[in-house]
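Everything on this sheet refers to the single structure shown next.
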(Lines of atoms letter the chains of each structure in order from A and count residues from 1; the text may use other names and numbers.)
(Lines give C-alpha, C1' and ligand atoms only; values in the text may rest on other atoms or scores of the structure.)
Protein backbone atom coordinates (compact mmCIF):
# COMPACT_ATOMS: atom_id res chain seq x y z
CA UNK A 1 0.00 0.00 0.00
CA UNK A 2 2.83 2.40 0.88
CA UNK A 3 4.53 1.67 -2.46
CA UNK A 4 1.29 2.33 -4.34
CA UNK A 5 0.83 5.64 -2.52
CA UNK A 6 4.43 6.62 -3.24
CA UNK A 7 3.93 5.82 -6.93
CA UNK A 8 0.79 7.94 -7.02
CA UNK A 9 2.67 10.85 -5.43
CA UNK A 10 5.52 10.57 -7.96
CA UNK A 11 3.03 10.48 -10.84
CA UNK A 12 1.16 13.43 -9.37
CA UNK A 13 4.33 15.50 -9.00
CA UNK A 14 5.40 14.64 -12.55
CA UNK A 15 1.98 15.63 -13.90
CA UNK A 16 1.93 18.79 -11.81
CA UNK A 17 5.34 19.86 -13.12
CA UNK A 18 4.27 19.14 -16.70
CA UNK A 19 1.07 21.09 -16.29
CA UNK A 20 2.85 23.97 -14.58
CA UNK A 21 5.50 24.14 -17.29
CA UNK A 22 2.88 24.47 -19.97
CA UNK A 23 1.06 27.20 -18.11
CA UNK A 24 3.60 29.70 -16.82
CA UNK A 25 1.67 32.66 -18.19
CA UNK A 26 -1.52 31.07 -19.54
CA UNK A 27 -4.96 32.24 -18.51
CA UNK A 28 -5.96 28.60 -17.95
CA UNK A 29 -4.48 25.53 -16.34
CA UNK A 30 -4.77 22.04 -17.80
CA UNK A 31 -5.94 20.43 -14.58
CA UNK A 32 -6.09 20.54 -10.79
CA UNK A 33 -5.17 18.21 -7.94
CA UNK A 34 -7.68 17.71 -5.14
CA UNK A 35 -5.94 16.93 -1.86
CA UNK A 36 -8.86 15.19 -0.19
CA UNK A 37 -8.89 16.07 3.52
CA UNK A 38 -5.45 17.54 4.34
CA UNK A 39 -4.20 16.63 7.80
CA UNK A 40 -6.16 13.38 7.84
CA UNK A 41 -4.39 11.54 5.02
CA UNK A 42 -3.81 8.44 7.16
CA UNK A 43 -7.55 8.23 7.79
CA UNK A 44 -8.66 8.62 4.17
CA UNK A 45 -9.49 4.92 3.75
CA UNK A 46 -11.47 4.82 6.99
CA UNK A 47 -13.28 8.10 6.27
CA UNK A 48 -14.27 6.84 2.84
CA UNK A 49 -16.32 3.98 4.33
CA UNK A 50 -19.03 6.13 6.04
CA UNK A 51 -19.01 8.51 3.06
CA UNK A 52 -19.65 5.58 0.70
CA UNK A 53 -22.44 4.20 2.91
CA UNK A 54 -24.11 7.62 3.15
CA UNK A 55 -23.82 8.15 -0.61
CA UNK A 56 -25.38 4.78 -1.45
CA UNK A 57 -28.14 5.40 1.11
CA UNK A 58 -28.82 8.83 -0.40
CA UNK A 59 -29.06 7.36 -3.92
CA UNK A 60 -31.37 4.56 -2.83
CA UNK A 61 -33.57 6.76 -0.64
CA UNK A 62 -34.03 9.54 -3.17
CA UNK A 63 -34.41 7.05 -6.03
CA UNK A 64 -37.21 5.26 -4.18
CA UNK A 65 -38.84 8.58 -3.27
CA UNK A 66 -38.83 9.75 -6.90
CA UNK A 67 -40.20 6.39 -8.13
CA UNK A 68 -42.98 6.43 -5.52
CA UNK A 69 -44.06 9.96 -6.49
CA UNK A 70 -43.97 9.17 -10.22
CA UNK A 71 -45.76 5.81 -9.94
CA UNK A 72 -48.57 6.80 -7.57
CA UNK A 73 -51.25 9.02 -9.15
CA UNK A 74 -52.43 10.20 -5.72
CA UNK A 75 -49.04 11.88 -5.23
CA UNK A 76 -49.23 13.93 -8.44
CA UNK A 77 -49.85 17.09 -6.45
CA UNK A 78 -47.78 20.31 -6.20
CA UNK A 79 -46.20 19.47 -2.84
CA UNK A 80 -44.94 16.08 -4.06
CA UNK A 81 -43.82 17.48 -7.42
CA UNK A 82 -41.64 19.96 -5.54
CA UNK A 83 -40.43 17.15 -3.29
CA UNK A 84 -39.39 15.09 -6.32
CA UNK A 85 -37.44 18.13 -7.55
CA UNK A 86 -35.70 18.35 -4.18
CA UNK A 87 -34.85 14.63 -4.33
CA UNK A 88 -33.48 15.01 -7.89
CA UNK A 89 -31.33 17.95 -6.77
CA UNK A 90 -30.03 15.86 -3.85
CA UNK A 91 -29.03 13.05 -6.22
CA UNK A 92 -27.30 15.57 -8.51
CA UNK A 93 -25.42 17.19 -5.63
CA UNK A 94 -24.11 13.97 -4.08
CA UNK A 95 -23.35 12.30 -7.43
CA UNK A 96 -21.40 15.33 -8.63
CA UNK A 97 -19.06 15.16 -5.64
CA UNK A 98 -18.90 11.73 -4.03
CA UNK A 99 -17.61 9.43 -6.84
CA UNK A 100 -14.58 11.67 -7.42
CA UNK A 101 -14.03 12.17 -3.68
CA UNK A 102 -14.17 8.41 -3.05
CA UNK A 103 -11.75 7.72 -5.92
CA UNK A 104 -9.39 10.22 -4.29
CA UNK A 105 -9.76 8.83 -0.76
CA UNK A 106 -9.48 5.19 -1.89
CA UNK A 107 -7.03 5.24 -4.79
CA UNK A 108 -5.36 8.64 -4.66
CA UNK A 109 -6.85 9.67 -8.03
CA UNK A 110 -6.70 13.39 -7.34
CA UNK A 111 -6.25 14.85 -10.84
CA UNK A 112 -9.24 16.54 -12.48
CA UNK A 113 -9.21 18.59 -15.69
CA UNK A 114 -9.87 22.32 -15.41
CA UNK A 115 -13.06 22.03 -17.47
CA UNK A 116 -14.10 19.08 -15.31
CA UNK A 117 -13.42 21.16 -12.22
CA UNK A 118 -15.58 24.02 -13.53
CA UNK A 119 -18.34 21.57 -14.43
CA UNK A 120 -18.24 20.03 -10.96
CA UNK A 121 -18.30 23.48 -9.37
CA UNK A 122 -21.29 24.47 -11.51
CA UNK A 123 -23.40 21.52 -10.39
CA UNK A 124 -22.31 21.82 -6.74
CA UNK A 125 -23.31 25.47 -6.58
CA UNK A 126 -26.43 24.62 -8.56
CA UNK A 127 -27.70 23.74 -5.05
CA UNK A 128 -29.15 27.26 -5.13
CA UNK A 129 -32.08 25.37 -6.65
CA UNK A 130 -32.54 23.66 -3.26
CA UNK A 131 -33.27 27.03 -1.74
CA UNK A 132 -35.74 27.92 -4.51
CA UNK A 133 -37.51 24.54 -4.18
CA UNK A 134 -37.79 24.92 -0.40
CA UNK A 135 -39.34 28.35 -0.99
CA UNK A 136 -41.81 26.81 -3.46
CA UNK A 137 -42.71 24.15 -0.89
CA UNK A 138 -43.26 26.83 1.76
CA UNK A 139 -45.54 28.71 -0.66
CA UNK A 140 -47.46 25.48 -1.35
CA UNK A 141 -48.06 24.92 2.38
CA UNK A 142 -48.99 28.59 2.84
CA UNK A 143 -51.72 28.36 0.18
CA UNK A 144 -52.91 24.92 1.39
CA UNK A 145 -53.34 26.05 5.00
CA UNK A 146 -54.12 29.76 4.74
CA UNK A 147 -56.32 29.62 1.59
CA UNK A 148 -57.45 25.96 1.28
CA UNK A 149 -60.55 26.77 -0.81
CA UNK A 150 -58.42 28.54 -3.43
CA UNK A 151 -55.60 25.96 -3.48
CA UNK A 152 -56.66 24.25 -6.73
CA UNK A 153 -57.28 27.54 -8.53
CA UNK A 154 -53.98 29.11 -7.39
CA UNK A 155 -51.57 26.19 -7.86
CA UNK A 156 -52.61 25.12 -11.34
CA UNK A 157 -50.38 23.06 -13.66
CA UNK A 158 -49.44 26.26 -15.49
CA UNK A 159 -48.37 27.98 -12.26
CA UNK A 160 -46.36 24.93 -11.17
CA UNK A 161 -44.62 24.89 -14.56
CA UNK A 162 -43.71 28.56 -14.12
CA UNK A 163 -42.38 27.92 -10.60
CA UNK A 164 -40.22 25.01 -11.82
CA UNK A 165 -38.90 27.10 -14.73
CA UNK A 166 -38.19 30.03 -12.40
CA UNK A 167 -36.29 27.78 -9.96
CA UNK A 168 -34.09 26.36 -12.73
CA UNK A 169 -33.52 29.78 -14.33
CA UNK A 170 -32.73 31.25 -10.92
CA UNK A 171 -29.87 28.77 -10.41
CA UNK A 172 -28.46 29.13 -13.94
CA UNK A 173 -28.50 32.94 -13.77
CA UNK A 174 -26.62 32.91 -10.47
CA UNK A 175 -24.01 30.37 -11.60
CA UNK A 176 -23.05 31.59 -15.09
CA UNK A 177 -21.28 34.78 -13.88
CA UNK A 178 -19.11 32.62 -11.58
CA UNK A 179 -18.01 30.48 -14.54
CA UNK A 180 -17.33 33.62 -16.61
CA UNK A 181 -15.25 35.21 -13.83
CA UNK A 182 -13.16 32.06 -13.32
CA UNK A 183 -12.60 31.58 -17.06
CA UNK A 184 -11.08 35.07 -17.34
CA UNK A 185 -8.61 34.83 -14.46
CA UNK A 186 -4.86 34.30 -15.02
CA UNK A 187 -3.67 31.18 -13.20
CA UNK A 188 -0.32 30.44 -11.55
CA UNK A 189 1.73 27.25 -11.69
CA UNK A 190 0.20 26.06 -8.41
CA UNK A 191 -2.81 23.91 -9.22
CA UNK A 192 -3.57 22.18 -5.91
CA UNK A 193 -7.01 22.61 -4.32
CA UNK A 194 -7.16 21.69 -0.64
CA UNK A 195 -10.58 20.05 -0.81
CA UNK A 196 -12.43 16.89 -1.81
CA UNK A 197 -14.23 18.73 -4.63
CA UNK A 198 -13.99 21.90 -6.72
CA UNK A 199 -15.77 24.97 -5.41
CA UNK A 200 -15.75 28.61 -6.50
CA UNK A 201 -13.25 30.14 -4.08
CA UNK A 202 -11.01 27.07 -4.14
CA UNK A 203 -10.54 27.54 -7.89
CA UNK A 204 -10.26 31.33 -7.61
CA UNK A 205 -7.40 31.04 -5.10
CA UNK A 206 -5.30 29.28 -7.77
CA UNK A 207 -5.19 32.56 -9.69
CA UNK A 208 -2.41 35.14 -9.74
CA UNK A 209 -5.03 37.82 -10.50
CA UNK A 210 -7.03 39.96 -8.11
CA UNK A 211 -10.04 37.86 -7.06
CA UNK A 212 -11.88 40.56 -5.11
CA UNK A 213 -14.76 40.53 -7.59
CA UNK A 214 -15.09 36.75 -7.15
CA UNK A 215 -15.23 37.13 -3.38
CA UNK A 216 -17.82 39.91 -3.49
CA UNK A 217 -19.93 38.23 -6.15
CA UNK A 218 -20.03 34.97 -4.19
CA UNK A 219 -21.02 36.80 -1.01
CA UNK A 220 -23.64 38.92 -2.80
CA UNK A 221 -25.14 35.89 -4.56
CA UNK A 222 -25.43 34.01 -1.26
CA UNK A 223 -26.91 36.95 0.65
CA UNK A 224 -29.28 38.27 -2.02
CA UNK A 225 -30.48 34.89 -3.25
CA UNK A 226 -30.39 32.52 -0.30
CA UNK A 227 -30.94 35.33 2.21
CA UNK A 228 -34.09 36.46 0.40
CA UNK A 229 -35.35 32.87 0.21
CA UNK A 230 -34.80 32.41 3.95
CA UNK A 231 -36.68 35.61 4.70
CA UNK A 232 -39.65 34.64 2.51
CA UNK A 233 -39.73 31.09 3.93
CA UNK A 234 -39.71 32.50 7.48
CA UNK A 235 -42.56 34.91 6.71
CA UNK A 236 -44.54 32.08 5.07
CA UNK A 237 -44.20 29.81 8.08
CA UNK A 238 -45.10 32.57 10.53
CA UNK A 239 -48.40 32.99 8.66
CA UNK A 240 -48.81 29.20 8.39
CA UNK A 241 -48.35 28.65 12.14
CA UNK A 242 -50.73 31.49 12.94
CA UNK A 243 -53.36 29.88 10.70
CA UNK A 244 -52.73 26.40 12.15
CA UNK A 245 -53.22 27.51 15.75
CA UNK A 246 -56.49 29.18 14.78
CA UNK A 247 -57.91 25.85 13.56
CA UNK A 248 -60.70 24.57 15.80
CA UNK A 249 -60.31 20.88 14.94
CA UNK A 250 -57.56 19.12 16.88
CA UNK A 251 -57.15 16.51 14.11
CA UNK A 252 -56.78 19.18 11.41
CA UNK A 253 -54.26 21.03 13.56
CA UNK A 254 -52.21 17.87 14.21
CA UNK A 255 -52.22 16.93 10.51
CA UNK A 256 -51.12 20.42 9.45
CA UNK A 257 -48.38 20.54 12.09
CA UNK A 258 -47.13 17.08 11.04
CA UNK A 259 -46.85 18.12 7.39
CA UNK A 260 -45.21 21.43 8.26
CA UNK A 261 -42.91 19.65 10.72
CA UNK A 262 -41.42 17.57 7.90
CA UNK A 263 -40.82 20.70 5.83
CA UNK A 264 -39.26 22.58 8.73
CA UNK A 265 -36.90 19.64 9.47
CA UNK A 266 -35.73 19.61 5.84
CA UNK A 267 -35.32 23.41 5.81
CA UNK A 268 -33.23 23.33 9.00
CA UNK A 269 -31.20 20.39 7.66
CA UNK A 270 -30.39 22.42 4.53
CA UNK A 271 -29.70 25.87 5.98
CA UNK A 272 -28.17 25.27 9.44
CA UNK A 273 -25.11 23.23 8.30
CA UNK A 274 -24.61 25.55 5.31
CA UNK A 275 -24.69 28.70 7.44
CA UNK A 276 -22.48 27.11 10.10
CA UNK A 277 -19.92 26.14 7.45
CA UNK A 278 -19.98 29.62 5.88
CA UNK A 279 -19.57 31.46 9.19
CA UNK A 280 -16.91 29.03 10.44
CA UNK A 281 -14.97 29.52 7.19
CA UNK A 282 -15.24 33.33 7.17
CA UNK A 283 -14.97 34.11 10.87
CA UNK A 284 -13.34 31.01 12.36
CA UNK A 285 -10.00 31.95 10.88
CA UNK A 286 -7.10 29.84 12.09
CA UNK A 287 -8.99 28.78 15.22
CA UNK A 288 -10.83 26.16 13.15
CA UNK A 289 -8.46 23.67 11.42
CA UNK A 290 -8.64 23.37 7.64
CA UNK A 291 -9.61 19.70 7.79
CA UNK A 292 -12.66 20.60 9.91
CA UNK A 293 -13.92 23.00 7.21
CA UNK A 294 -13.39 20.40 4.48
CA UNK A 295 -14.90 17.57 6.51
CA UNK A 296 -18.02 19.66 7.24
CA UNK A 297 -18.35 20.64 3.57
CA UNK A 298 -17.95 17.01 2.48
CA UNK A 299 -20.57 15.83 4.99
CA UNK A 300 -22.93 18.55 3.81
CA UNK A 301 -23.18 17.06 0.31
CA UNK A 302 -24.25 13.62 1.61
CA UNK A 303 -26.03 14.00 4.98
CA UNK A 304 -29.03 16.15 3.86
CA UNK A 305 -29.57 14.02 0.70
CA UNK A 306 -29.41 10.90 2.89
CA UNK A 307 -31.84 12.15 5.56
CA UNK A 308 -34.43 13.99 3.44
CA UNK A 309 -36.13 10.81 2.12
CA UNK A 310 -36.16 9.35 5.65
CA UNK A 311 -37.83 12.47 7.06
CA UNK A 312 -40.53 12.50 4.38
CA UNK A 313 -40.95 8.73 4.28
CA UNK A 314 -41.47 8.45 8.03
CA UNK A 315 -43.45 11.64 8.67
CA UNK A 316 -45.61 11.86 5.54
CA UNK A 317 -48.36 9.23 5.50
CA UNK A 318 -49.27 9.45 1.76
CA UNK A 319 -45.64 8.78 0.78
CA UNK A 320 -45.37 5.87 3.22
CA UNK A 321 -48.59 4.36 1.87
CA UNK A 322 -47.49 5.04 -1.72
CA UNK A 323 -44.21 3.21 -1.07
CA UNK A 324 -46.08 0.21 0.36
CA UNK A 325 -48.38 0.18 -2.68
CA UNK A 326 -45.47 0.42 -5.13
CA UNK A 327 -43.54 -2.45 -3.52
CA UNK A 328 -46.76 -4.48 -3.29
CA UNK A 329 -47.35 -4.00 -7.03
CA UNK A 330 -43.73 -4.96 -7.76
CA UNK A 331 -44.07 -8.11 -5.65
CA UNK A 332 -47.28 -9.11 -7.45
CA UNK A 333 -45.71 -8.43 -10.84
CA UNK A 334 -42.71 -10.64 -10.07
CA UNK A 335 -44.90 -13.68 -9.28
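Note: Cβ is positioned from N, Cα and C throughout, glycine not excepted.
Taking the topological domain 'Extracellular' (1-45) as a whole, pLDDT averages 59 in the prediction. Per Swiss-Prot, topological domain 'Extracellular' is recorded for 1-45 (among others), and the stated evidence type is sequence analysis.
The N-linked glycosylation site annotation in Swiss-Prot covers 23.
Annotation source Swiss-Prot lists transmembrane segment at 46-66 (among others), citing sequence analysis.
Annotation comment: Swiss-Prot describes 67-74 (among others) as topological domain 'Cytoplasmic', evidence class sequence analysis. Secondary structure counts, DSSP: the topological domain 'Cytoplasmic' (67-74) has 7 helix, 0 strand, 1 coil.
Through the fold, the transmembrane segment (75-95) approaches residues 55, 58-59, 62-63, 65-66, 68-69, 123-124, 126-127, 129-130, 133-134, 136-137, 140-141, 144, 155, 160, 163-164, 167, 266, 301-302, 304-305, 308-309, 312, 318-319, 322 of its own chain, all at least 6 residues removed from its boundaries and within a Cβ separation under 8 Å. The transmembrane segment annotation in Swiss-Prot covers 75-95 (among others).
Under the heading topological domain 'Extracellular', Swiss-Prot lists 96-119 (among others), citing sequence analysis as support.
The Cβ of residue 117 (disulfide bond) lies under 8 Å from the Cβ of 31, 32, 193, 198, 203, each of these being in the same chain and 6 or more residues away along the sequence. Taken residue by residue with DSSP, residue 117 (disulfide bond) is part of a helix. The annotation disulfide bond is assigned in Swiss-Prot to 117-208 on the grounds of sequence analysis.
Nonlocal intrachain contacts for the transmembrane segment (120-139), taken as residues 6+ away from its ends with a CB within less than 8 angstroms of a stretch CB, comprise 79, 82-83, 85-86, 89-90, 92-93, 96-97, 100, 112, 163, 166-168, 170-171, 174-175, 178-179, 182, 197-200, 203, 221, 225-226, 229-230, 232-233, 236-237, 240, 263, 266-267, 270, 301. Residues annotated as transmembrane segment in Swiss-Prot, with sequence analysis given as evidence: 120-139 (among others).
Shown for the topological domain 'Cytoplasmic' (140-158): DSSP residue counts in helix, strand and coil, namely 16 helix, 0 strand, 3 coil. Per Swiss-Prot, the feature topological domain 'Cytoplasmic' maps to 140-158 (among others).
Long-range neighbours of the transmembrane segment (159-179) within the same chain, counting only residues 6 or more positions beyond its ends whose Cβ lies under 8 Å from a Cβ of the stretch, are 78, 81-82, 85, 118, 121-122, 125-126, 128-129, 132-133, 136, 139, 200, 214, 217-218, 221, 225. The annotation transmembrane segment is assigned in Swiss-Prot to 159-179 (among others) on the grounds of sequence analysis.
According to Swiss-Prot, the feature topological domain 'Extracellular' maps to 180-215 (among others).
Annotated transmembrane segment per Swiss-Prot: 216-236 (among others), in sequence order, evidence recorded as sequence analysis. Tertiary proximity for the transmembrane segment (216-236) is limited to same-chain residues at least six positions away from its ends with a CB under 8 Å from its CB atoms, namely 128, 131-132, 134-135, 138-139, 141-142, 170, 174, 177-178, 181, 200-201, 267, 271, 274, 278.
Residues of the same chain lying 6 or more positions beyond the ends of the topological domain 'Cytoplasmic' (237-256) and with a Cβ under 8 Å from any Cβ of it are 138, 141-142, 145-146, 264. As annotated by Swiss-Prot, topological domain 'Cytoplasmic' applies to 237-256 (among others).
Summarising the annotation, Swiss-Prot assigns transmembrane segment to 257-277 (among others).
Per Swiss-Prot, topological domain 'Extracellular' is recorded for 278-293 (among others), and the stated evidence type is sequence analysis.
Residues or ranges marked as transmembrane segment by Swiss-Prot: 294-314 (among others).
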